[in-house]
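Undergrad: So Swiss-Prot has the following annotated:
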BINDING   G178, E179, S180, G181, A182, G183, K184, T185  ATP binding site
DOMAIN    32-81  domain 'Myosin N-terminal SH3-like'
DOMAIN    85-780  domain 'Myosin motor'
DOMAIN    783-812  domain 'IQ'
MOD_RES   Y1261  phosphotyrosine
MOD_RES   Y1310  phosphotyrosine
REGION    657-679  region 'Actin-binding'
REGION    759-773  region 'Actin-binding'
Amino acid sequence: MTDAQMADFGAAAQYLRKSEKERLEAQTRPFDIRTECFVPDDKEEYVKAKVVSREGGKVTAETENGKTVTIKEDQVMQQNPPKFDKIEDMAMLTFLHEPAVLYNLKERYAAWMIYTYSGLFCVTVNPYKWLPVYNAEVVAAYRGKKRSEAPPHIFSISDNAYQYMLTDRENQSILITGESGAGKTVNTKRVIQYFASIAAIGDRSKKENPNANKGTLEDQIIQANPALEAFGNAKTVRNDNSSRFGKFIRIHFGATGKLASADIETYLLEKSRVIFQLKAERNYHIFYQILSNKKPELLDMLLVTNNPYDYAFVSQGEVSVASIDDSEELLATDSAFDVLSFTAEEKAGVYKLTGAIMHYGNMKFKQKQREEQAEPDGTEDADKSAYLMGLNSADLLKGLCHPRVKVGNEYVTKGQSVQQVYYSIGALAKSVYEKMFNWMVTRINATLETKQPRQYFIGVLDIAGFEIFDFNSFEQLCINFTNEKLQQFFNHHMFVLEQEEYKKEGIEWEFIDFGMDLQACIDLIEKPMGIMSILEEECMFPKASDMTFKAKLYDNHLGKSNNFQKPRNVKGKQEAHFSLVHYAGTVDYNIMGWLEKNKDPLNETVVGLYQKSSLKLMATLFSTYASADTGDSGKGKGGKKKGSSFQTVSALHRENLNKLMTNLKTTHPHFVRCIIPNERKAPGVMDNPLVMHQLRCNGVLEGIRICRKGFPNRILYGDFRQRYRILNPAAIPEGQFIDSRKGAEKLLGSLDIDHNQYKFGHTKVFFKAGLLGLLEEMRDERLSRIITRIQAQARGQLMRIEFKKIVERRDALLVIQWNIRAFMGVKNWPWMKLYFKIKPLLKSAETEKEMANMKEEFGRVKDALEKSEARRKELEEKMVSLLQEKNDLQLQVQAEQDNLNDAEERCDQLIKNKIQLEAKVKEMTERLEDEEEMNAELTAKKRKLEDECSELKKDIDDLELTLAKVEKEKHATENKVKNLTEEMAGLDEIIAKLTKEKKALQEAHQQALDDLQAEEDKVNTLTKSKVKLEQQVDDLEGSLEQEKKVRMDLERAKRKLEGDLKLTQESIMDLENDKLQLEEKLKKKEFDISQQNSKIEDEQALALQLQKKLKENQARIEELEEELEAERTARAKVEKLRSDLSRELEEISERLEEAGGATSVQIEMNKKREAEFQKMRRDLEEATLQHEATAAALRKKHADSVAELGEQIDNLQRVKQKLEKEKSEFKLELDDVTSNMEQIIKAKANLEKVSRTLEDQANEYRVKLEEAQRSLNDFTTQRAKLQTENGELARQLEEKEALISQLTRGKLSYTQQMEDLKRQLEEEGKAKNALAHALQSSRHDCDLLREQYEEEMEAKAELQRVLSKANSEVAQWRTKYETDAIQRTEELEEAKKKLAQRLQDAEEAVEAVNAKCSSLEKTKHRLQNEIEDLMVDVERSNAAAAALDKKQRNFDKILAEWKQKYEESQSELESSQKEARSLSTELFKLKNAYEESLEHLETFKRENKNLQEEISDLTEQLGEGGKNVHELEKIRKQLEVEKLELQSALEEAEASLEHEEGKILRAQLEFNQIKAEIERKLAEKDEEMEQAKRNHLRMVDSLQTSLDAETRSRNEALRVKKKMEGDLNEMEIQLSQANRIASEAQKHLKNSQAHLKDTQLQLDDAVHANDDLKENIAIVERRNNLLQAELEELRAVVEQTERSRKLAEQELIETSERVQLLHSQNTSLINQKKKMESDLTQLQTEVEEAVQECRNAEEKAKKAITDAAMMAEELKKEQDTSAHLERMKKNMEQTIKDLQHRLDEAEQIALKGGKKQLQKLEARVRELENELEAEQKRNAESVKGMRKSERRIKELTYQTEEDKKNLMRLQDLVDKLQLKVKAYKRQAEEAEEQANTNLSKFRKVQHELDEAEERADIAESQVNKLRAKSRDIGAKKMHDEE
């Protein structure tokens, strides 16, 4: 379509198709199909990328965001050429894969082209904004257009369906599917808008209606949407206008394609939203529209405010939506009601019920006092809702709180709890809303129903998309099940039926399984014993619960179906009970409340009120409601009444869904897939993973593949022959008969098309995608040619007729002129005047006769027309009714067929089950006999146990009596405690007064006083209860002995019962397994039950008896549990004996429970066995289920009680232990306090005031005493601990003394070693100073050397630049030379050999230099920052390396001796270090303890003084009392005695501390001696180190001489370099001469430049890679010689270049292969280099760590001289560090050896052809490296050697840094050269592009010139024809005139 044609779409054109300019730009965009690709990405699924390289099945690509990735080659997917950008049909993509489809959709979406074809269906992406693509202009533009003639659009899909309906005479359907928020509802509205616009009823006069508000049928169809959306749409998390119901809209058309009528079917209204919404969601729109206050009269009528937060049902989530104007929507809804011809009463009824639901949510109820029943908490809202519903408020509240329930044949009033009332209100509100919505749909259908004839229909399906929420319930299962069925229908239609059609037609086709079969999931949900079936079955049983439903699901499906899984519950999320694997993902479902939702129960009392409501609409809604009891009573009237009342929600949904699928299968479906681009509702943003998930789930990619692989278009042979015969009429002659198939074969065979694009079936010809469009284009072109020819002939004929008319006119004019002249001559005759008067009169008479005849004929025709119209209307009405009946009959036949199939399957299954069950019944009868025998035995055992239980009960009764006595005594003691606490309250007041007087001591003593008061209370109570408790203990001990005997008997009985219990449990397990297998099958076997009736009745009676006994035992267990609880609480407050007794009682009760449990287990076994046989009768099913539920509850309760009792036992044991501890403490306190308390109680009556004051003082004393006792206890514990530690120390000291005696023997040797170390340290310090001076000079020398080195490297860089230039020129000349070498093959072979040799040499040099550079670069990169600090160590290590080479043998001997001594000293030092550490820690501990004890002693002394002062005060106060002085004196003496004891204990502790201090002092002295010895040894080591430093200085001198020699060798290398520069200059001159010669041959080489450029690029890459690798001078000289030889050869062969071009091309290919090989080798070397760098980096970091640790060790060693303990720790660390360094050193030595060995090999290979000077230098380098290696080996066992190896590494680091700088310079030079080369290439490419553009311009001008010449020729021929024609006309005129 051109831009001019797209102008018909108006402003929507830019949103539908790219302009011609954009298409042209896209086609001319640069694109390389080899490199442009898609690569996988973790975040974006796929990203665009360019291939950088391919190697070994791996591809390296650079993504569009600059990231480089390496992936497998099969993961790379090619991009489509630019002309396919934003393609409208993705089936036409060249490369069809996931990223191509994704990016096509993404690019179109970015341009706001939201519709895209995908094979046979359409994909639409939600734009989240308004686009102008749905106006009337666009509708008109799409009308009658073929799919290929217009851009993709929902209107195009709709028009195609409309055209198919008319041409194929078949019903159509449009299935709009997608996730929630993808835009399904909007597209549905657009489809309806399109049909209403293009297929409106033709005659406008018929649309006129006397009722102005009703509107036309198309208006009513369009206005049905706003009405339904107001009541059925709501805001959700993902969509602001989400349809919460599904709808199938059928638009009926007449035979001519005009609208006839419409109807709507709805599915699954989400009625739970009426009473509950999530936070981010809201209720249905109608509630907020009413509350928007746009129509205030509505608020007054409904008695509501305009604040949504006043109503609970509508304010749980959000109350407003930014994208929706509720007030405007209210007007739209109200006007929609008017257009749909709702009456005012109906509208008011709908609004009233909506308002009543809001008032329902505000009704409040509360619980009656002392009852569980509910009563109203205010009646205002109930009054409002009752008024709006036309009810009585009191009756409504009564029905809610006290509903009438039918029990048997009578009705009983039942009281409801508050929760039950609220649940009932919610259920009623949901039911009212749902029934009102369904009534609205029925009412709208009645409006849309017309008497017009209906021939066909187009159905539009808009149903809720697949839903996966955090909380998925029954509604989500129904919605997802519906989507599963629709997806299966899509898959079946697209994949299965399509391929079955091919096989049926006999086309060669291999069946492709696209893996899209969803039948397993569908069967899991809907088949017998599926989820829905089990749910409906559970709803039939009154005792069933959600958990029994879950258990059945698990039993039937877990592990048996792959689609049914156990969920993974995550903390923080809602609990899930099972998971289903749907096509769109795995969904976790929560089954809570499913049974209630499925049964959907209502309060039938309130429903009865609804049925009698004065509001007509309310009574209508519930007029058809029938409960279970009404169903029973209505048996006689109608058989279906009862069945309908028991129909569950799931069954109703399945029935509606099956009808929908049946309807869809009879239509031709058109699929529209809606895609949600992102979760944020952001326009223009596409989330790639989200879109890819939807594409995979929706089968978009599979649809495209089947469209491309299969044959989506097919035509019957007859239709094809009739339509396309025009393409070649000669192939099918008209005169003879030819079979339609043969005619089609001949016709297609004669056409110029791809004959693999179609296949012939038995009845149809099949076409691949696109071929039918091509045939249509050919047909249109043929028709246009034929029509053009016809038009030409017609125009010619018309012109000839016109010419003839002109001639006739001319002749007529001549005749008229002659007649006029004649008339003018006779007009005045009298006879002529008479003629003029008579003539008109004759004609008027004739016309009157004709008019009369016509009127008569008109009357007859009018009568006939009226009769035919009446007859036609009757026939049309009959036809409509017959069609409806036919459709209904078809549905019934289909349903009957399905039922018949199900019945047959069930019959077969029942026959099989019957055989199995008969065999199992026999087994069961045998087992029943065995069980009866076992039952008899168990009953006997049970009697014995009952006897034992009775005996135990007697014992328990006795125990209960004793417990009752204990309880009474406990209460008495508690009363006494209360009295005492009252008295103590008075004491507390006095204490408070005294504490005010003693403010200084308030904070310290207040808490102690309170604690003491509480203890005194306890003492009072305990002393009083002690005597009584002792008596009770004696009684309890006697009963305890009896209980022990009973316990032993019970133990024996328990063991016996446990054995029996195991046997019964095994038999129970077997029976349970059999029961689960037979449960469902035995329901359908009624005819076998009669044989077992008598046995069942007996068993039932026995079960009832056992059940009664079980209840009695259970009651008895509960009583025992209560007794145990009471006993547990009492045990918490009594002593050890009571706790022991309670434990014994608990064990007895536990044994009793076990004995009772055995009987209960037996009862359960009998009951289960009874339940299995009772299941054989349907009448006993309910009783069996009740027994099972009761048994399960008892089992659970019993298990819970046993577990609880076990926990109680554990708790009581813990409490018992705690009480035992408290008892022991209390006994100790009682012994101390009882005497004091007795004396205080005696003195209390006489001296109350004095006693209180004295008691206060005594309390203070006691507090202090307790503190003293605690501190004394602490001291005693510390003393005991110190004594043990002293004992340990004494033992250790003895060992140390023995060890010291051994150490003293080696003391002399150690002291000598320490002196040596000190001397070494001093020498090393002096050497450091000397080295510092030497460092400055060496730095100066190093700077000079660095400058020389830099100059040398600059010169080397210049050499490299010249060399690279020469190499490039040589490569150019070599290519030219090779092109001309056709006649000199022998010379070319020699050149090839030389080139191969050069390449080999280059590779060897590359390997050598690469190895050397890698080692140097690695060491340099890391240690660059530390080079200044490490220079001293470098010089020192160089000097040491030279000097130590001479003294190696002597030093090795000395080193071995020192090593031995060092190890011995280290071991001794370790032991002494450990001893020192332990002694120091002990010393610190003792010091701390001593200080603490001193502090305590001081505090005690101060407290003693205070106490003495207070005692003196008390004695004065006691003097006044007189009588109690003697008693108080005793108390004082006791306190003094205790004080003296404390003092003596403190003195003993002090003495022990002094003793320990003496020991510690002795240990310190010994420690100081050891430290002094160690210091002396360190001094000796320092002296040795100084000596080593002096040796190092001598080595530095020798290294200086070697450096001078190195400088001289470098100067010699500079001289050689300068000489080579001169040689290179001469070669440049020669090359310039050769260039002048070569310029003459450039003209002949243009044809081969394209090949040479690629080769040149590859050679340049190889040269650059070699330049990066530091080539040496020998290779440069050898190449120069080769270059001179080649230049001479090139001069000789320049003239022959043209003849040798063809041979050179072949040689170029071989050379490029060699270059690629070289490049791959270079890359491998570089990778190896990087690996070695990383290894060396790791080694360097480890060495750095070792150096740092060594430095830390040195500092710690210095500190060790001043602090022995710290020195020992640092020595230990030094020892660990040295061991670590030794290991590191060995690894470093091995690594350096490997690297050195490789370096030597590389240098030997690289320096084969070098000069002697270079060989000397390399030999010198190898000598130095050998010396370094020897030095590293010699110093391997000591820390000194480690430091020297580190310094050597630093030297290498410095050298590497210099080499790195040189390499950087070389790299810069190479980069400059590469830039120049790129510039030359760019210039050449620009010239080539300019040439191409000039050539294209020339071709264009040439083409235009040819066209102009053709036009001139055509014009000239036309002029000649016109001239000839004019000459003929002139001649003809001349002839006529003659």
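Glycine too: its Cβ is placed from the backbone N, Cα and C atoms.
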Undergrad: So what sits near A182 (ATP binding site) in its own chain, CB-to-CB under 8 Å and at least six residues off in sequence?
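TA: The answer is N126, G465, C674, I675, I676, Q694.
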Undergrad: Validating a neighbour-count step here. Other CB atoms within 10 A of the CB of K184 (ATP binding site): how many?
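TA: Excluding its own Cβ, K184 (ATP binding site) sees 28 Cβ atoms within 10 Å.
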Undergrad: Using a Cβ cut-off of under 8 Å, list the residues of the same chain at least 6 residues beyond the region 'Actin-binding' (657-679) that approach it.
TA: 105, 109, 118, 120-126, 128, 154, 157, 160-161, 164, 168, 170-184, 187, 238, 248, 265, 267, 459, 461, 465, 481-482, 485, 489-490, 493-494, 685-687, 690-691, 694-695, 698, 700, 890-891, 894-895, 898
Undergrad: Give me the count of other Cβ atoms within 10 A of the Cβ belonging to T185 (ATP binding site).
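TA: A 10 Å sphere around the Cβ of T185 (ATP binding site) contains 23 other Cβ atoms.
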Undergrad: For G181 (ATP binding site), which residues of its chain lie six or more apart in sequence with Cβ-Cβ distance below 8 Å?
TA: N126, T236, R238, N239, S242, G465, I676, K681
Undergrad: Going by DSSP, how much of the region 'Actin-binding' (657-679) is helix, how much is strand and how much is coil, in residues?
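TA: DSSP classes over the region 'Actin-binding' (657-679) add up to 9 helix, 8 strand, 6 coil.
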Undergrad: Helix, strand or coil at T185 (ATP binding site), per DSSP?
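TA: Assignment for T185 (ATP binding site) reads helix.
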Undergrad: How does the domain 'IQ' (783-812) divide up by DSSP, counting helix, then strand, then coil residues?
TA: 30 helix, 0 strand, 0 coil
Undergrad: Which residues of the same chain, at least 6 positions away in sequence, have a Cβ lying under 8 Å from the Cβ of G178 (ATP binding site)?
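TA: In sequence order, the residues whose Cβ lies under 8 Å from that of G178 (ATP binding site) (at least 6 apart) are K184, G465, R673, C674, I675, I676, Q694, N698.
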Undergrad: Using the CB centroid of G178, E179, S180, G181, A182, G183, K184, T185 as the ATP site centre, which other residues of the same chain sit with their CB within 8 A?
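TA: Leaving out the recorded residues gives N126, N239, S242, G465, C674, I676.
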Undergrad: For G183 (ATP binding site), just count the other CB atoms lying within 10 A of its CB, please.
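TA: Other Cβ atoms found within 10 Å: 24.
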Undergrad: Find, for the listed binding-site residues E179, S180, the residue with the lowest Cβ contact count at a 10 Å cut-off, counting only other Cβ atoms.
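TA: Selected from the binding-site residues E179, S180 on minimum Cβ neighbours within 10 Å: S180.
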Undergrad: Going by DSSP, give the three-state secondary structure for G178 (ATP binding site).
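TA: Going by the DSSP assignment, G178 (ATP binding site) falls within a strand, counted as strand.
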Undergrad: Please list the DSSP helix, strand and coil residue counts for the domain 'Myosin N-terminal SH3-like' (32-81).
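TA: Counting residues per DSSP class in the domain 'Myosin N-terminal SH3-like' (32-81), I get 3 helix, 30 strand, 17 coil.
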